Each structure stands twice: as C-alpha cells, then as structure tokens.
C-alpha cells in the first residue's frame, strides 16, 4: 500500500513537471499541434459535420475542416499534439473532440479553434474524487462493494494519461458522453464545464474498452470489446448490457429510423429494429473490420472498413451495397455532405460522389 | 623553361666522341651517362619486375568506403553505426519479373526460390538480412476474434498448387508488401540482399567484380529458364561498382587508341621512326612502372585511378618529344649522338623537372579533397609523375644516345629551326598570333575574352552541385543498370534514395515512450520537406502493432505511454522489421524516402534534420546525420562543395607561386593566370550546358586543367621574358617565343587532348564527362595562352620588369 502510494506520488510528480522527468522533452499535452500542409493527408480517425462544414481529427493533434465538401481543407488551432480519435458537433458551432492522453477538446467556433476541457492528468483525480465522495454518501452500495470498486478505479486512474478516450457523442450543446479504455466514461450536462464519472454506472464488470457511444432516436448505445453492447436506462441513469449474437469486438454503433446497427471485427454487423432485443446478421460481404459509420438523409447509412471499402444502405440498414474502392486505403470514418461522401483514414480525407 | 635559345657557346659541336670530356656536366649527368649500360640494365630489370607485379598483383576494385568522404562527420556517424543499421548500408535489390502472366505462376515461384537460394549462398551476402517472398522474415499479420496472428507470406510446403497459390495471394494482400516486395503490377517480386563489408571467412573486402559477374551469370542462367520468360533487374552499390569495373576494363582498352594517336602526332612532328618509337617506349615504360608501383603499394585500380596511365602517358610523350627535338637538332649540327644526348640533358633536365612539378601541383592539390578515391588518384598520379622523371628525363636521353635519330629527320629539324629563326617558313597561324601584340588586336582579343568570361560567369551561376539525373549518374542513362533502376523505381513504391537520421540512445532506449515520440516528431519534421515522399521508423511499426493488438482498431494507431505496450510492439517489430532498430535497442534510424537526389533536395533535408537535432537534443538521445544512399550523397555534396572552392584556391595559389618563381614578375603572373581563369569559367559554363554537376568526378578536371594548362604559359612566357630582358621589344620577343615554342605548345596541347579524348567514349558516364571537359580545358588553355598572352602582354609587359 505504501509502495503503491509512493508510485502514485511519483507518477503525479512526473506529470506535474514533465521537464523534470525528461530533460529536453516537451510532452505532447504541452505541445500545440504543428501547422502542416500534410495535416489533411495523414491519419484522420474522426469525422463530424458542423452544419455544412466537415471537421476531421487525427494524429498529432491535427484537426482540419472544409467548407466546400472536402475540396479544400484548413487547419484548426489545437493546444495539444495528442493523437485524436473522435469528434462530435451537436450544433454548427459547438463541438468536442477526444483522443489519446485522455484529451477532451472543445470548440465554440465550428472547429476553427479548440480549447482543452480535460486531459489525462486530471481524469484520474477527478474520477477518484467523485467516486470517493459518492462512496462516502453510500451511493456505491455496500462498503465492501464500494471499496472493491474504488480500488479497481484507482488502479485505472493511476495510469493517468496512458488511457485514451475513444469516442464522444453530444446530444445537444449541453449533454454529452465521452467513453474510453478500461470502462472510462464521463457525462456532462453543461457543455463540458463539469464532467461526471459514470464508471460505476455501466454494466461492464470486466472493464472492457468502450469503443463507441451514439444516440439513436431517444436511446443511447455504447459498443465495446468482446461483443459488449450497452444501452442507457434513463430512469436509473445506468447503462445496461444487451445480449448480441457476436462475441468479437464492436467498433461502433449507428442508427437510422427505428433500426440500430452494431458493427466490428471481420465484417460483422448486426441490426435490431426493436431497441436491441433481437438481432439479425447483416451480409456485408467483407472479411475485414468495420471501423466507421454515419447516418444520412432519410434512411441512409454508410459504413467503412479497414481495407477501405464502403458499404451503403438506403433502407435503414436492412440491405447494404458494397462499393470496393479502386485504390483502397484503410478507412476510419465516413460522412455524407450533400451528394458527396467523405472518407477519412490512413492517408487523410478523400471525397467522392455519393452512390 | 625551354632553353633552346641558350647560347651554343658552351655546347660546341663535337663530332667525335674522343673529343668530348666525359667528366664534364653535373654529378647526375656523369652518373647516368658514364654508366649507360648499368642504367639501362637497372631500368630493364625494374620494368620487368614492376611489369610482373602489375600483371600479377594489380586488381580492380572500388570499395564502398573509398568512394565516400570518410572523415566527414555524417559518414563517420554512419560508419560507426553501420553494423547496427541493417538494410541501410550496402545492399542489392534483385527484382525478378515475368513477361507473361504474374508472379503466381508456379514456374516463376520455382525460379524465384532457386534464385533466392543461390543468392543466400553467394559470398559476401549478409544471410540473416536476406528478404524475399521465400524468406520467413517476410510475414503477414491479421487480427481475429482470438487476437493477433501471422506467419510467413510463403505458405509452408508451397507446391504451386491452386490452393497454395490462393493462399500466397491472400498472404501477400494481408502482409501489405505490394510495392515493397511485390511489384505494383504483380509481375515481379523483390529479393532484398544486404551485403557484408568483409568476407567472414577470409576477412578480405568483398570483390564487387566477382559478385557482379556472379549476378550476371545468375541473370543469364535464369532468364533462360524453360517455360517461363523471366528477367532479373539488379540494382545496388555492389552491382553498380561491378559494372563500373567492367567499364574501366573496357576503358583500359582505349589506351591503345590513345597511344596510337599520340604516336601519329609525334611522328608528324619529328618524321623519325626511331625516336618516335623510343618516346612511346619510354612513356609506356613509365606507365608500366606506375602501375607496378601502384600494385606494390597495395592500391587497386578504380574508375578514377584507371585514368592516370592516360595522363602519365600523354605527359610523358609531350616531354619526350621535346627531349628528342633537342637531340635531333644537335645531331643535325653534326654533334655525336651521345654528346647530343648529354647536351640536351644539360639544357632540359631542370626545365623538365619544373614542368613536371607544375603537373604534380595539379595532382597534389587533389589530396585536399577528403574522399579516399580522389586521394588515391592524387597519390598514384604523383607516383606517375615521379616515374616520368626517370623514364623520360633520364632513360630517354640514354636510349637516344645509343639509337641516335634518323639523319634525314635531323637535317629537316635543323632546317626548320633555322628558317624559324630567320622568320621564314612559319605558318600563317603563327604570323596571325604575333598580331595579338598590337593594340587593336589585343583590345579585340581581350574584349572577346571579357565577353566570354561575362557570359560564362552568367551561365556558370546555374552550376549545380551533385548528381542531376535519376538513377546512377555514374553510368549512362541507357545502361543496363539504369534501365533496371528505372524498372524498379517504376514498379515499386519506395524510391532508392534514402536519407536516414540515426537516433542513438542508451541500451533499451529506442523503445522508450519519449524516444519514440521524439523520433516521430523528427519523422514528421522531415516529411514536411518538399522532396520527401514518406518516412519510416520503428514508431510506425509500433503504431501498427499496437493497433493490431487492439484488434486492428485505427483508433489505437498511436505511440502508447504504456511501456508494456511499447515493449510488445518492439518485440513484434524485431520479428517483422528487424532493420528498424539494433539488437541492443540503442540505434534506430528515421528514414526519409526522397523523390530524387538533387543537391537542393538533399540540402533541404539536411537543413531540416540539423534544425531538429539542434533544437531537440536531450539527455540520452542523439540525432546523428546521416545514413542511407541520400545521406551519404548529402555528405559527399557538402565535401565536394567545400573542396570545389578550396581546391580552386589552392590550385591557383600554387600555380601563381610557381609562375612567380619562374618569371619573377607579378605582371607576368597575371598574364599567365588570366587565360587559365577564362578557361576555368568556360569549363563551368560547359558543364552547365552539358548538364554535368560538380561532383567527385569533375573535381579533378579543374585541378588538372589548371595544373597542366599552366605549362603553355610557362613555355611561352619564359622565352618571351628572356628576350625582353635581353632588350628585345615585345612584338619581337613574342614572335621569337611563338617561333621557338609555338609548335611545342601545340604539340603538348594535342598530345594531352589525344590522351583524354578517348574517355569520352567510356561506358562510365563520369569518365566521359571528364574526357570531354579535360579535352576542352587542354585545348582551350592552349588557344587561350597563344592568343591572350600576347594581348595581355601588350598592356602589362610592354617593358620587361
């Protein structure tokens, strides 16, 4: 226990003053993203629409945006050089981006400039402070349960900036969720001014990574490792597990109309039209992992894969058509703007006419 | 210099030998001429001995380390870490392509396997680093529900069956090696063959020529494989050097042509078979000695030093011709041949030594270029010049003292000498030259020279450093090697121009989070440089492996702060990409692949890398420039650029000092040096016009052009000044100088040009460039001297100082 505390103290010290830890090294959390004409050509993992503007986030804190459906890109001003993985714009102005090193960024000008709301140095203490307070109020069940939960959370919190946030979803400019590795999850109801840990409010006893969070209709789903799919119970303010046919990892969840679609490893995708009670396998016709998705138009859904293939549905995900790319590049995210489809991936953003 | 005008009083005509005092003359003369048989015996023995050494011991080689500036910090960094940088050093790329069908033809794979196996067993190959479809190190990886799995791309027990072929196709696709080990069109695949610098069994340097011939043999055998039309494309330094050595053997054959041209020139000059044969013989003896000594000192012939015999021969012939000329005139006057030989020795030995010293200056200055192959060139050429003192200044007169000359030719020589002295019989050319001492012609000549210099300077502003063309500029664009290179760069993604920064840390330091992030920043900084196509380093592999261990999610394409994750990544990388870091994990290259190797591109990359190294130096991390082909080329360019200036400075400095010692007049020095400068400027302009950059091969050209070119001025001005000092007005003094030495100047210019002009037909492009440029310099220096010396003299040397 003592050693444990010493180590935590050292870790905290290290992150308080990185210059002490590594002479001549500036941490990525203290380094603004560098301006580069290659920003729109490197790995971009997250895409979102801010009104008509496309915003893409990626490696080394690079955020680019386009007002002409992807024909040209400008680079945003970003205070960190961390690898960013996801972005969400509930309104044309207000947006949030998350990524490695526990980074949460906020923009209130449609993605042109970004400010830090949270990072990995604060995530652990914040989570532990809240959990300990709730344990003290007896909100975490029996004292034995609470102690076990606190100990487990403390272990993850101590890893500090090691753990990334893997997805962000905002319902509107006030309410949003961020999820990440080892069951990291926070909710805000004030546009990110305060973040509340929901670590104890997920039915995820193995603390599996949470890859995606998304609202479908009035429901909110979280997809994760080893077939984990959670659904928000608004009454109880908890995420409950849903049974699905697949035990491999889900990388994402998306919905259109009444239908919700989860997708992940090796081309696996499943569709439910009854809020997640029953699932049907979707014939995707591909073997590689499905990595990104978007809903568009009245009944449109699009999925992209690790091998760069594009799947499009016009009937709420009942049927998908596979569009193999002539020069496939691993893809991470997809967005549809007007009649253009924008795909982000290993070699940046590419725009093509929608099928 | 040429002292033909020396009074004949002290050298009376001696028709019979017994009238001659054999104890006259200096010690050297008595030593040589009173022991003529011993002298000849010694020389004959030396020739046989050195010839034998040359034949048995002389080898052709050009080792990797000799072609690069080994003292430059970049190269030192590279050489110090060369053993740790697998895949960046000396390697071959053997691409096996198929005409019809694709690489999935079982016959193709069978041939590929055999080629792979033969290469594996070839001497000098670093077997551990050999990579191809048939080596287990080329692997695929895949993410499944159970985790990460992978294996060699070539299915176990591949037998060419459709199942195995399908398996191979799948493995290639998931290994992502298209563009690296498989051609973009699936019609070829690559065998990557790293080479050792020394044979592990014998410890001797790798014999590139033998290796190259092994590859040629491999090529011819497998291109004849029945049932499938395959081609081998081979690139890499070793193959290039092998081709260069074959080229230089071919160039050696040109020597006969150069000798024949020189022989015709000399015969045209003397019309005496006997003496022509002796001059050629002595010059050949000089070359034999030079080659023998080179072999004895343990040097090998490389594409540069192979040119030395041509120069030695040409210089020997031009000096020999003068000796012969003097002897001929004495004999024509009736002096006994032995006495004539001794007179000529007395008159010309010192002058000859001075002239050879001037040539040696040209060679010696090359010592300043810190590239071993050029230093070797300087040394072997200096040996050759030293040898000439024995063969052409000592042996030749002795031989002539036995043979004498053709009496008819001797009379003819004397007659023309007399005619020249009386102002008759000189050709129109020589009369025209005299006019340049008049104001109008002098102004016109200097005006034209000024315009040429101005235009030349404008053009030479565009002179580039380094290699300007794609592929290997050493060889011609249509050479086999460059066609192979074009095929490979056309069908594979990564260029062969690699610039690597060596990141050095304490042991186990390369996989630390901080190191990887810093290296990632370096890679990113390099990628911003125009001309950098992409970068590769350990971090890229670690990102991929990290994402792989998180089931391939692109969100995990990151450098994790978790050391366990990084350790796992590095451990996996050591299996799949062992060339990305060394075993101790203390040396890790960040490699930038460049679109070309032009000097501007290299300069930009160097600047970016230096800037990063300067601003990111941290304890426990060093960023050392540079490795990779482009890194070495960048260092070479830096050395060449510096050498280009210092060499010009020193060669002109030396020539100016030499001229001042000879003339004792600053004005005369200006008169002698200005024509050389014009030639140097025009030579640079010519290089721009011909698309030749300043590189290792062109550095010697200017030094030799100036060092040897000053001979003309030495000949002309020494006579002109001697006359002027005796009270003769400029016009007459120059006329005398041209009358007495004009022919010699022309002879020297033509024989030197004849010696180098054959290089223009060399299969080695830089030898061709050197041939063209040197021919230009030798001839233009001659014209410049004959026209500009009188014109400049008109303004600067009206009165002898």
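A Cβ is built for glycine as well, from the same backbone N, Cα and C atoms used for every other residue.
Some features that TrEMBL has for this protein:
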{"type": "DOMAIN", "residues": "B:280-402", "note": "domain 'SSD'"}
{"type": "TRANSMEM", "residues": "B:37-60", "note": "transmembrane segment"}
{"type": "TRANSMEM", "residues": "B:251-270", "note": "transmembrane segment"}
{"type": "TRANSMEM", "residues": "B:277-301", "note": "transmembrane segment"}
{"type": "TRANSMEM", "residues": "B:307-327", "note": "transmembrane segment"}
{"type": "TRANSMEM", "residues": "B:348-369", "note": "transmembrane segment"}
{"type": "TRANSMEM", "residues": "B:381-405", "note": "transmembrane segment"}
{"type": "TRANSMEM", "residues": "B:441-459", "note": "transmembrane segment"}
{"type": "TRANSMEM", "residues": "B:647-663", "note": "transmembrane segment"}
{"type": "TRANSMEM", "residues": "B:670-692", "note": "transmembrane segment"}
{"type": "TRANSMEM", "residues": "B:698-719", "note": "transmembrane segment"}
{"type": "TRANSMEM", "residues": "B:740-761", "note": "transmembrane segment"}
{"type": "TRANSMEM", "residues": "B:773-797", "note": "transmembrane segment"}
Surrounding residues of the transmembrane segment (B:647-663) on its own chain - C-beta under 8 Å, 6+ positions past either end: 1, 354, 357-358, 361-362, 364-366, 368-369, 669, 672-673, 676-677, 680, 699, 702-703, 706-707, 710, 713-714, 717-718, 721
Among the ranges B:441-459, B:670-692, B:740-761, the one whose Cβ pairs under 8 Å to the transmembrane segment (B:773-797) are most numerous: B:670-692
Spatial neighbours of the transmembrane segment (B:698-719) far in sequence, C-beta under 8 Å, 6+ residues away: 1-2, 5, 304, 311, 315, 354-355, 358-363, 365-366, 369, 374, 377, 640, 643-644, 647-648, 651-652, 654-655, 658-659, 662-663, 668, 671-673, 675-676, 679-680, 683, 687, 692, 733-734, 736-738, 740-742, 744-745, 748-749, 752, 766, 769-770, 773-774, 777-778, 781-782, 785-786, 789
Overall pLDDT for the domain 'SSD' (B:280-402), taken as the rounded mean: 86
